[in-house]
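Provided herewith is a single structure, encoded as structure tokens, for subsequent inquiry.
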Amino acid sequence: MADPSAVASKHARIHWLPLESNPDVFTQFAARAGCPLHRVNLEFCDVFGFDDELLMMLPGPAVACVLLFDTKVFDAHRETQRASGRVLPTTEGIDLFYIKQFVGNACGTIAAVHSMLNAPECVAAMEPDAPLAMFHAAARGVAAAEEGDDKAKKAAEAGGALLAEAEGLHAASEDSAAGGQTEAPDLGANVDHHFVAFVRGNDGNLYELDGRRPDGPVNWGPVKDGDLMKSVAEVVKREFVAVAGENCMLNCIALCRSG
């Protein structure tokens, strides 16, 4: 694996078109990447709010979700979370798919990839020679080759470097971004909003996956009563809504079972 600073420098000038926070766009990306969600009765859906009655509007249980937030409002707070005592250590040896972000404006794509590759149903639905399956196999391969106490960190960096050069995923992302309901910003434009994913680890805990974070996955503790979205709602209300108050502008999409 190349030096991470060299990898970051190499890809710093690369920007992808950002994905729109729109369930249809995320579904199109999944299909173009080679993971047709309908085959396993999954769909991306809008989350209209984090109160129980609004979460009940989802078509079925969520296996993951993506959250879009304003970096200007939340980044300073997020830097203090690890020291707050609210974040638990990542379970040693957990089988969690996580990569770093080196490419500008690729956070939506990475959040979608994190959501799908941590959902066993999606992994089972991947078409073998499609971009997502090929990237998954390559990232797993480089992760298995890493050694040492920091092998998880090195695996995440190697996976991020692979995504930066994954032409098939890039094409799927660009085509999906161009087909959104709002006009895509210019390539290379500075975007003040950022996507993260929330998934359930195989240890039963809720993990926030953000490819920008230097400290890697964030463990928010057990998924309560097997309901991922209720656990996400608790985190969002505490770590986002309570922090921003009237300035809180969020958008959330859940990857749900559809029946």
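For all residues, glycine too, the Cβ spot is worked out from N, Cα and C.
What you see is a predicted model, and the numbers here were worked out from it, not measured in a lab.
Per TrEMBL, the feature domain 'UCH catalytic' maps to 15-257. Annotated site 'Transition state stabilizer' per TrEMBL: GLN101, in sequence order. Marked as active site, nucleophile by TrEMBL: CYS107. Here TrEMBL flags HIS194 as active site, proton donor. Annotation source TrEMBL lists site 'Important for enzyme activity' at ASP210.
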Could you state the CA-to-CA distance between CYS107 (active site, nucleophile) and the residue listed as 'active site, proton donor' to the nearest Å?
6
If one measures from the C-alpha of GLN101 (site 'Transition state stabilizer') to the C-alpha of HIS194 (active site, proton donor), what distance in angstrom results, rounded to a whole number?
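If we compare the Cα positions of GLN101 (site 'Transition state stabilizer') and HIS194 (active site, proton donor), the gap is 11 Å.
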What's the number of neighbouring CB atoms sitting within 10 A of the CB on HIS194 (active site, proton donor)?
22
Rounded to an integer, what is the Cα-Cα distance in Å between ASP210 (site 'Important for enzyme activity') and the residue listed as 'active site, proton donor'?
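That comes out at 9 Å between the alpha carbons.
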